[in-house]
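These features come from Swiss-Prot:
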TRANSIT   1-47  transit peptide
MOTIF     340-344  motif 'DDXXD motif'
BINDING   D340, D344  Mg(2+) 2 binding site
BINDING   D340, D344  Mg(2+) 1 binding site
BINDING   D485, T489, E493  Mg(2+) 3 binding site
Amino acid sequence: MAATRNLSLLAQSSQPWAGIYGSHGSPRPISSWLRRQSIAKTSYICMCTPLSMSQLIATPLITDIESLLKYLRQPQVLPHEIDDSTKRRELLERTRRELQTTLEPLQAMKMIDTLQRLGLAYHFEDDINSLLTGFSNGQPDEDLLTASLRFRLLRHNGHRINPNIFQKFMDKQGKFIDSLKEDTRGLFSLYEASYLGANGEDILLQALEFTKAHLKESLPSLAPPLAKKVSQALELPRHRRMARLEARRYIEEYGGENGHSPDLLELAKLDYNKVQSLHQLELSEISRWWKQLGLVDKLTFARDRPLECFLWTVGILPEPKYSSCRIELAKTIAILLVIDDIFDTHGTLDELILFTNAIRRWDLEAMEDLPEYMRICYMALYNTTNEICYKILKQNGWSVLPYLKATWIDMIEGFMLEASWLNTGYVPNMEEYVENGVTTAGAYMALVHLFFLIGQGVTEENVKLLVKPYPKLFSYSGRILRLWDDLGTAKEEQERGDLASSIDLFMRENNITSDEEGRKCILKIIDNLWKELNGELVSRHALPLAIIKAAFNMARASQVVYQHEEDSYFSSVDNYVQALFFTPFN
């Protein structure tokens, strides 16, 4: 980052949300209260698995906006209307009847699990929740596989269940019965369930250690199909997988399973292709917006990654019903990348201070003192945020500008803090770095925007949680994002002279000299953060379930985006984009 040593222009900011709260009381719908807030007028100045090796990508490589728009204009790719075929509707109704009439609990749970893995569960949310409510109390004679599957499904879907159900599989010394290691499928089910454990749930920690050791030991002797499943789960358990990538991978795998349903496989492929067509419509809108915005034409140093931005939104919000939310979130992420590049690679310190103060003021006159390239970025942020606020106002009658604006101010101040650290040579401790890094990674910004864009379960009481200090749920998810970002990009950022990463800071504070050991320690910290995150799912939370799921999905997407390894579960972002958005099933 180009910088001078003049810090005198950096003014202290006041909290932009001061005075916007009413009296405390019981939670109530927030519509009338939010309508009292003001909204600025908009001014206009004018992106879990790789494809199988045997499956060819039948689409051209998408390298820039022009090639993307050209591809999306093809009528066979982007139809005028998305066809909802009679066959697909028939298969959906047939599946619904089967789900509703399956009486045996284990078979019903297996069907729910399969629907979720294939990406079809969103069609049957009410039926699934009704069934899961009935599974809250297990049977005294249920085996390890059944108990573990029941636990995982209930907790994953936000239902309360106590891990003490596994005590029946332990001996008098409080250890898991040794004979369980002969039940490979039961062990596998318990292994997957153990990853939903929260801090303090020692029985699940013990279950993880017990199952992981025995599954690794038994891996060489397992039949190939089961061995592949176990190997992939040891690398990335189900609980941490990105939903749409898991659907892609499992659809490819499901047809080879004994006893699979041909109807369900056909439905999964038809539905995947339909959702892919929806994603192409969304990409078309985002790409046209990005091209019209013209940021990277004027700011040639900035990243041009609408496809990657959209991949993030599909990871965070996989359900088709959130189409408009994905579009708006992708816009904010794209602008965030440009601002990050301004602070990291282009702006002088004096310019960054001017930009920070202009964002704090949040009015058009504030940009008069900015250099031209910053004015363009400022207007893009100003207009886009106000447009999002206007859409929320039209849809729900809520005026949310104070909240969205505050997240951008927090983030810009976080970037400015990092710039001052780099300029003065200050080395933060790891906690300082990570806490600020959650802000600059955009975690708080994205989740606060989504809270209002999703618009479910919004009350005056839970809106009060959306300011500093942000909810722990947001912080845990954001810390996982920050740490995975560092694991994936630390080397490149160090080469261009950026701040030390969390890996470097942790190694320095703990006298670690091996990079490999340092990375392993960061992975352990991520594991502990997942336990904290799971605790938010267990607790009775004031935030709506939809935003809780979005926070979990952000953590899931961060590992998929930043961990790329050959010959493993993980692949490159380009492969994910091709598989999700441009390669339909036959």
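Even glycines carry a Cβ here, placed using N, Cα and C.
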Integer Å value for the Cα distance linking D340 (Mg(2+) 2 binding site) with D485 (Mg(2+) 3 binding site) is 14
Between the C-alpha atoms of T489 (Mg(2+) 3 binding site) and D344 (Mg(2+) 2 binding site), the distance in angstrom, to the nearest integer, is 14
Cα-Cα, D344 (Mg(2+) 2 binding site) versus D485 (Mg(2+) 3 binding site), nearest Å, comes out at 15
Under a three-state DSSP reduction, the secondary structure at D485 (Mg(2+) 3 binding site) is helix
Quick note, D485 (Mg(2+) 3 binding site): same-chain residues at least 6 apart with CB under 8 Å of its CB -> G437, A441, S558, Y562
Here the 10 Å Cβ neighbour count for D340 (Mg(2+) 2 binding site) comes out at 17
Using a 10 Å radius on the Cβ of D344 (Mg(2+) 2 binding site), the other Cβ atoms enclosed count 20
Rounded mean pLDDT within the motif 'DDXXD motif' (340-344) lands at 93
